[in-house]
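Structure, as structure tokens:
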Amino acid sequence: MAGSVMVPSVSIGLALSVLIFFALSLKTLEARGTFGRLAGQPPQRTAAGGICASSVHIFGYKCEEHDVVTQDGYILNMQRIPEGRAGAVAGDGGKRQPVLIQHGILVDGMSWLLNPADQNLPLILADQGFDVWMGNTRGTRFSRRHKYLNPSQRAFWNWTWDELVSYDLPAMFDHIHGLTGQKIHYLGHSLGTLIGFASFSEKGLVDQVRSAAMLSPVAYLSHMTTVIGDIAAKTFLAEATSILGWPEFNPKSGLVGDFIKAICLKAGIDCYDLVSVITGKNCCLNASTIDLFLANEPQSTSTKNMIHLAQTVRDKELRKYNYGSSDRNIKHYGQAIPPAYNISAIPHELPLFFSYGGLDSLADVKDVEFLLDQFKYHDIDKMNVQFVKDYAHADFIMGVTAKDVVYNQVATFFKRQA
């Protein structure tokens, strides 16, 4: 029920029952790989030595590794590509405008760099005259550091995307703005759009943002059609894993990975192609890119973050994390129901670009259309909307046609906001 503050005990019971079933089912899955074709194969190009070294320098681009400390102590890794391969000056002959590119859920900045150089968004924008920055949110492989906590401690994972809104994005924006002295173009994909919408709605970063491009925009998830995600959300799987003491949600190893396999078996889903199962039928991926993606992703997040996303699916609203009871919510928020994020409060003069796909199982067309309706009072000359009929969720980050279909339009949009 929308606005509910209680986690029904019957639902927790269902989740625990599901987990018990999963545990009993694991022996039947031992011979199958969680992530399809990579099972048993050696990894290809990985970012073990850092994203710059593994995936930017090899293409002939300059790249800098930066560390940023959030107000709550997390040390986030960022990459900066300060210029294009040819070292050309900015398009207007002046200073290069900074662009922050923010990845989605269960991946990191490497997800933007899986194709040949001329198909990778960060490198395309650098060649177009922008100062490109890539963020890596807390919990991903190069942002698993903290001033006094470590990933083996439960407290390290005590966060949701609320903290990405309150701490991670502001730290990245402040760092970029402090070094460049310029307003920042923001580009998000999937969860990267959600935390952008939430942050801009609370007006925290609007003085530093020049424009925003949202690919596969996610805010409302009630029509999500990815079967594996829907099952996980509606059976309270994340809540149950939290109860059983697994604060880190790591799809690639341990029990979480086993549970994903068990969901596939129970629901009759062919998870050999897990990318399509989760994201929709992508039109424009090639096999080598998918293999490289699966060699590097998915990345960890917190189980609490997955609970928050599951709440968004079930409650059909965009609210802060629900602590499960009126008393606990009052303790955290001063009210029984978690505060809502009011997307319509995003400043109407902020230039926005949306691109969404007709086959996306996560950013479903109905949910995106409902999201766009929240901008009905936005300045009409500041709204730019692109619908790509045959695109699904992953096409926007590694589709072989994305440069011509989406990225060139993004670059043109950013240049118009100079």
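Backbone N, Cα and C atoms are what each Cβ position is placed from, and that goes for glycine too.
Keep in mind it's a predicted model, so treat the numbers as computed, not measured.
The feature signal peptide is assigned by Swiss-Prot to 1-31, with sequence analysis given as support.
Listed in sequence order, the residues of the same chain lying 6 or more apart from Asn158 (N-linked glycosylation site) and placing their CB within less than 8 Å of its CB are Pro247, Ser302, Lys304. As annotated by Swiss-Prot, N-linked glycosylation site applies to Asn158 (among others), with the evidence given as sequence analysis.
Taken from Swiss-Prot, the feature active site, nucleophile covers Ser190, and the record attributes it to similarity to another entry. The secondary structure of Ser190 (active site, nucleophile), as reduced to three states from DSSP, is extended strand. Residues within less than 8 Å, Cβ to Cβ, of Ser190 (active site, nucleophile) and separated from it by at least 6 positions along the same chain comprise His103, Gly104, Ile105, Leu215, Ser216, Val218, Leu362, Ala363, His393.
Annotation source Swiss-Prot lists N-linked glycosylation site at Asn286 (among others), citing sequence analysis. Other C-beta atoms found within 10 angstroms of the C-beta of Asn286 (N-linked glycosylation site) number 14, with every protein chain shown included. A coil conformation is recorded for Asn286 (N-linked glycosylation site) in the three-state DSSP classification, outside any helix or strand.
Residues or ranges marked as N-linked glycosylation site by Swiss-Prot: Asn342 (among others). Sequence-distant neighbours of Asn342 (N-linked glycosylation site) (same chain, 6+ apart, CB under 8 A from its CB) are Ser201. Under the DSSP three-state reduction, Asn342 (N-linked glycosylation site) is assigned to coil, being neither helix nor strand.
What Swiss-Prot lists as active site, charge relay system is Asp360 (among others), and the listing cites sequence analysis. Of all Cβ atoms in the shown protein chains, 29 besides its own fall within 10 Å of the Cβ of Asp360 (active site, charge relay system).
Under DSSP, His393 (active site, charge relay system) is assigned to coil, being neither helix nor strand in the three-state scheme. The number of other CB atoms found within 10 A of the CB of His393 (active site, charge relay system), across every protein chain shown, is 26. Swiss-Prot lists His393 (among others) with the feature active site, charge relay system.
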In whole Å, how far is Asp360 (active site, charge relay system) from Asn286 (N-linked glycosylation site) when you measure between their Cα atoms?
17
